[in-house]
Amino acid sequence: MNPYILFLLLFALGLGTTTTFASSHWLLAWMGLEINTLAIIPLMTQLHHPRAVEAATKYFLIQATAAAMLLFASVSNAWLTGQWDIHHMHHPFPTTLIILALALKIGLAPLHGWMPEVLQGLNLTTGLILSTWQKLAPFSLMLQIQTPNPTLLISLGLLSTLIGGWGGLNQTQLRKILAYSSIAHLGWMVLILQFSPSLTLLTLLIYITMTFSLFISFKMNHSTSINTLATSWAKAPALTSIIPLILLSLGGLPPLTGFMPKWLILQELTKQDLTPAATLAALSALLSLYFYLRLSYAMALTISPNNIIGTLPWRYSTKQLALPLAMSAAMTLSLLPLTPATLALFTL
């Protein structure tokens, strides 16, 4: 892709997200989301592959449906309350419809069906943008909405954690596994959204850091399926020793960073007398941990066949993404001791 066109598209991505961040009017927020959608579709189709075109078409249709629902709900809210302001959401009908529209945009269960198929048709760089940056604008709107019905968000969160864990169990493609991982982590964020918005924001930032590390690692390793992970040691031994730790951090094992948000969310749910929801969320984390362990086993404890037909590839060196990977991997693996300082920073 032409560098000038690439710069223009990335600028439009940033502009759309910033517009949604800065808006207090529903029409302006809707415009920011639409700019975001229109900017990422050319990035999806830059490979000119049938799977990429199919993924971009599915993504466009889903986002257009969610945008139409959002616009209809905001118009209904303005008709019922006389206000276009995002903070004035008091009627249950437009509030519920807007939450469902935003859930469709970010891929929350049971509106998650498009997420694995779309992510499978993209390359790892565009998939990283879809899994991280595209979540920011809808979440900024969800953080501003005062939900009159807390059961809706709790149901969406628990369903997402369960489906995100179950869906990734029998997958062999890394991008689909990462899609179900995204669904499960979004469920944890939505589960605590109405009780502690600062904790939701902390969980989102930690998830973005861990996912960035994993996508960059797979990109440097040229891995798209579980079978290709077995050849990782021959290509990049140092990277192969780091990726299982990043995977276990995503699974939420102590003493890695991914344990921090799960621990704090379970603690907050228990304080809110939601012990059954906390127990179900903790059990669903075991499902996600299983396929993270499966990936770690395929990478660290298996050896690919080395015969005349299939030989190990010669190791190569690439330095273009080494610095961002080193920084994000360090945060992914070692932020847990800084939990008190992090909490103090997010509660200011």
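Numbering starts at 1 and runs along the chain as it is shown here.
Each Cβ is built from the backbone N, Cα and C atoms, and glycine gets one as well.
Unlike curated records, TrEMBL annotations are generated automatically.
As annotated by TrEMBL, domain 'NADH:quinone oxidoreductase/Mrp antiporter transmembrane' applies to 23-286. Here TrEMBL flags 289-342 as domain 'NADH dehydrogenase subunit 2 C-terminal'. According to TrEMBL, the signal peptide annotation covers 1-22. If you look up TrEMBL, you'll see 60-80, 92-115, 152-170, 177-195, 201-221, 233-254, 274-293, 321-346 marked as transmembrane segment.
Among residues of the same chain six or more beyond the transmembrane segment (92-115), those with a C-beta under 8 A of the stretch's C-beta atoms are 33, 58-59, 62-63, 65-67, 69-70, 72-74, 76-77, 80, 134-135, 138-139, 141-142, 145, 147-149, 152-153, 156, 159-160, 162-164, 179, 182-183, 186-187, 190.
Ranked by the number of CB pairs under 8 Å to the transmembrane segment (201-221), the listed stretches 60-80, 152-170, 274-293, 321-346 are led by 321-346. Counting only same-chain residues 6+ beyond the ends of the transmembrane segment (152-170), those with a CB under 8 A from a CB of the stretch are 96, 99, 103, 108-110, 112, 116, 176-177, 180-194, 274, 277, 280-281, 284-288, 290-291.
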